[in-house]
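Undergrad: Sharing a structure, written as structure tokens. Questions coming.
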């Protein structure tokens, strides 16, 4: 039985041609010259290399529990589990299962170990930053550290973890006494833990710091699974970001050092664990995969899901099952297929127009490889079958790019079987969605790589222990995985149990930051606009934005009502809206420039934005008409009907449902608007359909209100679809819409408006119209700042405050009595919309 190559990595020459391949076989590293088929050097962990002591009770005085041991050992030597190459191809970084991070120089193909540093917990992901001086690595407990690639002082090779020393009895200290008692502990598991704590000996709690330079950058509450360093160039100077994934379906985008404590955004949408991340070079997209039956393609800087690539059986008809490592071709007991993404890589792909790239996908225990051109991932959606299947004899363990080919490491354990295979991909018809991917096996490259067979380590390894080393991703699933109920799940299952005990064990009265964060209530997860930073507290700028927003909203309604008190201007509503749009376009363009630079401009084609611009014209013009022929409080209270209409349209068009309780809260909203309509139209109207006293609503106003509600709801639904299809934020879309809307309205004005009315408009009216335009700009800009700086909850509260304020001022202005029947309808509608907001926010949590 031969040991497969669990990790491989390629060193590319300056000209882009391959030269060397680094492979890990058990505890041995080898470097091969792929051009002439010669092994340049080998390195193996010495037999005297000891793993970090496995302590049972040292950390935080925790109770004794079953510890994971180095089960996958070859002749008592640590096994390589991760490989990384520095961007300048001068260093190799390896992680072994004894928690050590080892750095090698590879000058001339000769491996020379420069340092080994023992981490507090076993690293599960690492990367060398583009500066070629820093390593970032994450461990299974969710912590991410940065280490210098070359330590300033030589690290001691055989030190312990450095985080804590081996506990020793301390006769001078009193016996350990937990703070919990039988009166405060109720569950069976916690009672057993308490009994174990009471039986502990006297231990010293002194902790020694790590004996090498390091920095803790960030932490996850959950088990960290992958880490990637990315850059985003917004201006002349680019900014670095650390993207991390965990077992709890989170993808977090944090700023790079030294601002790693700042969370830029989250990419949320997975329902199962996330195991792998992959950046598509030269694009803004990130691909993620794990326990879901689809891959997510994200605009990672905006925190927006661009598209899903399905991995279900309908799209992969060639997959009938996944072997379980025992020789069976299907899952145990014919269980349903559980897709687990074990690897994502970008590999070279030759196209009709030149060199390109493709995404390679490996599924755990599946004998095959899936590929898709990266150009196809840019599309919002295309045909159902987007993946090309490359059948193989064994599951894929790792992939490396060698020149214009890719080298696959296979789980081939029988002596004589090929552990490395090479393929060259070719994509035809690279336009649109009609990509055809063909694979060509590179036998000459495989022949040259067979020289590794003479130098690679051959050892008899237990199949179960080897499975635990190679196949531990599926055990991240929170429900039952591949194993039968009651069966163990190897090394990874013990890791999961260890993490769960870390989060749930009873302490001695001290709570660390990770445990404290685990008990905090979850935060709402709003959809972020590009460049948005999630803030947790109101700042002075946010308070100022809220004040300006409320003042602008109230002022805009009353100023517009004053303008429309001139009956002549009611016949020029389209022209009035065009003036507003022109002012808005100029204002948004100004704030997008330095030094404010509130958002990044993103140009869209006129034809693409035209339907949204037309919808905005209809919504704004009809809304102004509703205000012109209605009382202020009716106009404002009728606007809350946009929410139930949007909910109905999303259910009919997008098949999107809302919680039942949320739907119930919309009933008093509709009833309240109906009550206000009844009592507000009680006054007699004149011939033109306008109330005689100007403080009541005419039937014409009700008609305009109903039509404007449908137009506004349609515009709202379209905005959501444009967010998804274009990846633009609200400010970016509004900046694209406004000029196009003005252009369209120039063709509508001669038909819809009486342009002669503007001859009689005085300077004072023009000043009020300009004031109205600037108030509209202040309303839009501060709304973006509120969502950005204060969050969606504050934005919702501000919206309710604006409604109440405008209704109250409008009621006072109309000199209505509190005993008026409209007051009942107002209270019903306001109570219903507030209850709806509370229910939907709780449901989103």
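Cβ coordinates come from backbone N, Cα and C, glycine included.
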Undergrad: For the record in TrEMBL, which of the ranges 504-524, 609-629 is the transmembrane segment one?
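TA: It is 609-629 that TrEMBL annotates as transmembrane segment.
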Undergrad: So what's near the transmembrane segment (761-781) in sequence-distant terms, Cβ-Cβ under 8 Å and 6+ beyond its ends?
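TA: Apart from its flanks, the transmembrane segment (761-781) reaches 548-549, 551-553, 555-556, 559-560, 562-563, 566, 569, 576, 579-580, 582-584, 587-588, 591, 598, 731, 734.
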Undergrad: Counting by DSSP, what is the helix, strand and coil composition of the repeat 'WD' (267-308)?
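TA: Tallied per class, the repeat 'WD' (267-308) gives 0 helix, 24 strand, 18 coil.
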Undergrad: I need to check the long-range neighbours of the transmembrane segment (699-719): which residues 6 or more away from its ends have a CB within less than 8 Å of a CB in the stretch?
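TA: Non-local partners: 611-612, 615-616, 618-619, 622-623, 625-626, 628-631, 634-635, 638-639, 641-642, 645-646, 649-650, 653-654, 677, 681, 685, 689-690, 730, 733.
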Undergrad: Express the predicted model's confidence over the domain 'Sugar phosphate transporter' (558-837) as a mean pLDDT, rounded to an integer.
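TA: It averages 79.
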